[in-house]
């Protein structure tokens, strides 16, 4: 056991985590040069296209250190984006140490900070690594000072490396062996294995990634899932090197996979404990706190007969992505679908893309909303995540919106424009401190403003230099209203949004104008209205198409022309009474773009 080292790699987006993982795999000979490819651990197509890590991946490598001993390194490459912090905290629970990778050109960023504090709270040994020293703008000394100043860990002897060129990788490996403590555990105690991650394989059933805390697990053992007492036989046990390799045994302190032919999707949930059927452990290991979704949206299959396969796809995805929440929903405009909860807008985009690619389902997604607390005269306080669930205006005493604490790190020259942006988004500044050339500002912002497009705007106002990390703080009373969209005097429930009263009129106007462009013209006028309760705040009209009915009249009396025009007018009137307006798919997407 003293030769095992479990560690994670944590960093801000684009600081080179996945490339560093590639180098570690290459140096330790995990894959041959022919099998090696860029970002070998980013196995999903979406990860490669976007250049981001979404799922944490684990790898076991054997490394011969300078002291002549062979060490088993189990490491987990984690995502860097703020939407996937849950993946990071889960990975850290399986480790004793963490490599904190910082770009030597850009320095410390907000997500570096957040992930590092998570690691320190879990009592992990944090090893700073300065990456990208081959870049012309790299300034390792300044960045080392920044790490000490902002995070407060000793970084003067931090390893300097370039994951791209391979410089300094050997030093990184030696630091891991020297500084990361070996795991502790009792190999003779009853088996306790923590499930860190799981996914569904169509041929093998549920594949679980586990960390053995006590005891050992062999292929052929009868194992019990402690949350539901189901008993299975461990068919295959092994590690990822990064290829799936059967070893037949996992010992105390190791990280590997177990396949037990579990066919029901939630048969071995993440955070659960596996033990032996006969010599069972008395207690479960403390799992992970259930994460609450921050953003909700309705998802509906375009073809109504795909509903069951859509449910199936969501079930399989939720096994692999424990932070996805969903429940059935029915909309008058869109039929049957699901109300889904996500950690943020990027998470929502990724899930939608994975459903369309991996499961081949075409979806319509409604406008995302956050959770609001509503206090009513009749039913007291309750939470809603869907604008159409909001009770009648005269029954509401107050609406409370969620407020987040946003920590922003920004270079001094862009501070002014970032403060302006935060004020526009109804933010309240609570803290500001200077660290060298960087400024750390803390704002309390409404979550609804942050999840929509705040991240994109922050990046564009600071030319990409500002970084953001946020977490939920509390609910606060606010003047929120529901803006309904009426098409031909009929309410379309899927187009409703909740907005602040100050911005409701402009949001309503933008929505009406966007719909005017997208809904095709009919044979009669279509009125598009935005309304709060019974009060219309914006209106626009799509003009009818009309045939020139008097083209065939040559001369003759004017009453002949009037008669034809009146006949046409009456026809249009009848048509309007019975005519239905189809709202195209693009109209629902337009809401997502409004306000950007």
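Placement of Cβ uses the backbone N, Cα and C atoms for every residue, glycine included.
Every protein chain shown contributes to the tally, and the Cβ of residue 14 (GTP binding site) ends up with 16 other Cβ atoms within 10 Å. Marked as GTP binding site by Swiss-Prot on the basis of sequence analysis: 14, 15, 16, 17, 18, 19, 131, 132, 133, 134.
Across the domain 'tr-type G' (2-184), mean pLDDT in this model comes to 76. Sequence annotations record features per position, and here Swiss-Prot assigns domain 'tr-type G' to 2-184.
Most buried of the binding-site residues 18, 131, judged by other Cβ atoms within 10 Å, is 131. In sequence order, 101, 103, 131, 132, 163, 164 are the residues near residue 16 (GTP binding site), counting only same-chain partners six or more apart with C-beta under 8 A.
In the shown protein chains, 21 other C-beta atoms lie within 10 A of the C-beta of residue 133 (GTP binding site).
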